[in-house]
Amino acid sequence: MSKRISLTQFLVEQQRQHGRIPAQLRLLIEVVARACKRIAISVNKGALGEVLGSAGSENVQGEVQKKLDIISNEVLIEANEWGGHLAAMASEEMDSIHVVPNRYPQGEYMLLFDPLDGSSNIDVNVSIGTIFSVLRKVGHQHGVSEEDFLQPGKFQAAAGYCVYGPQTTLVLTVGDGVAVFTLDRETGSFVLTQSNLQIPADTHEFAINASNHRHWAPPMKRYIDECLAGREGPRGKDFNMRWVGSMVADVHRILTRGGIFLYPWDQREPDKPGKLRLMYEANPMAFLVEQAGGAATNGEQRIMDLMPGKLHERVSVMMGSKNEVERVSQYHREHREAAGH
């Protein structure tokens, strides 16, 4: 049997050999992983733990909160606020940032997270997950504000997600490739099961909510119509559609075997650039996808180059296999040029 490498050992070796991970960042990632284990226990208990169903409240996005959304958010805050690695946290479930209380030491990092992505799938037992992103606090001034969080995704120090499915799997990057860890329930440790994950440049799978076809912009309609035309169409090959409705599950499949994930702008809410959150979902997933050799764009710009104007900013998302993402971007460019923009 090959030697099993735990998450802790992997991070320590990265710190020693490559200098990629400062000690504070390593400890922060370990705390996030421990919090994910606690969330996994609550998710796995399901109805037995009386954690399913709606909490009867809405988050800042105007979405009905599930009980597990609130539990997961509290787990992440409680686990991370006292360790001395963080200055503040921001969550999709909270209106404003959570500054580390004065009674605890403050660190140089800021943690952003979607505590339970895909939570609309909780009650039907479909894979859901936690997405997280780590930024460094810029400057040495005392205190931290919302403005400190407004950095392009290219400045992320680390990003990852934990998917709660048939296995509990942690997928992580610190800017040196993508590593996958599987939770060994017997020992309680995350164990390295894949390193240097790579997304194939070409694919025959796409992930999109096709029921919104009539609301899309012309370049998105063109791309999907060509995929659906299959072998007889301009692409000359058949495509499969996969859509779970949980970003973690859909992107995990794409990281594992290729594909393109699409959550575009649509005309039902024309003033909103998209539905997914730039800081909590798009940036960390874009970092992972790019580190795995893929690409991530909003149709006009690389996602990790976007300068956020506010904490809960939304964005169109097209990410995955590089050649397909480039094709979608090309269709958007051609449409803009034809329209004279």
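In case you wondered, yes, glycine gets a Cβ from its N, Cα and C as well.
Bear in mind that the values here come from a model prediction, so they are computed numbers and not experimental data.
For Glu92, Asp114, Leu116, the entry in Swiss-Prot reads Mg(2+) 1 binding site, with the evidence type sequence analysis. Same-chain residues at least 6 positions away in sequence with a Cβ under 8 Å from that of Asp114 (Mg(2+) 1 binding site) are, in sequence order, Ser91, Glu92, Thr130, Ile131, Phe132, Arg277, Tyr280, Glu281.
Among the features that Swiss-Prot reports, Mg(2+) 2 binding site is placed at Asp114, Asp117, Glu281.
Summarising the environment of Asp117 (Mg(2+) 2 binding site), the number of other Cβ atoms within 10 Å of its Cβ, over all protein chains shown, is 29. The substrate binding site annotation in Swiss-Prot covers Asp117, Gly118, Ser119, Ser120, Asn209, Lys275.
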Counting Cβ neighbours within 10 Å across all chains shown, tell me which of the binding-site residues Ser119, Asn209 comes out on top.
Ser119
For the recorded Mg(2+) 1 site formed by Glu92, Asp114, Leu116, name the remaining residues of the chain with Cβ within 8 Å of the site's Cβ center, in chain order.
Asp69, Ser72, Asn73, Ser91, Glu93, Phe113, Pro115, Asp117, Ser119, Thr130, Ile131, Tyr280, Glu281
Candidates Glu92, Glu281: member of the binding-site residues with the richest Cβ shell (10 Å):
Glu281
Once near-sequence residues are set aside, which residues in the chain of Ser120 (substrate binding site), 6 or more away, have Cβ atoms under 8 Å from its Cβ?
Lys66, Gly245
Same chain, not part of Asp114, Asp117, Glu281: whose C-beta falls within 8 angstroms of the C-beta centre of the Mg(2+) 2 site? Give them in sequence order.
Glu92, Phe113, Gly118, Gly129, Thr130, Ile131, Tyr161, Met247, Val248, Leu276, Arg277, Tyr280
For Glu281 (Mg(2+) 2 binding site), which of the three DSSP-derived states applies: helix, strand, or coil?
helix
Least surrounded among the binding-site residues, given as Leu116, Gly118, Lys275, when other CB atoms within 10 Å are counted:
Lys275
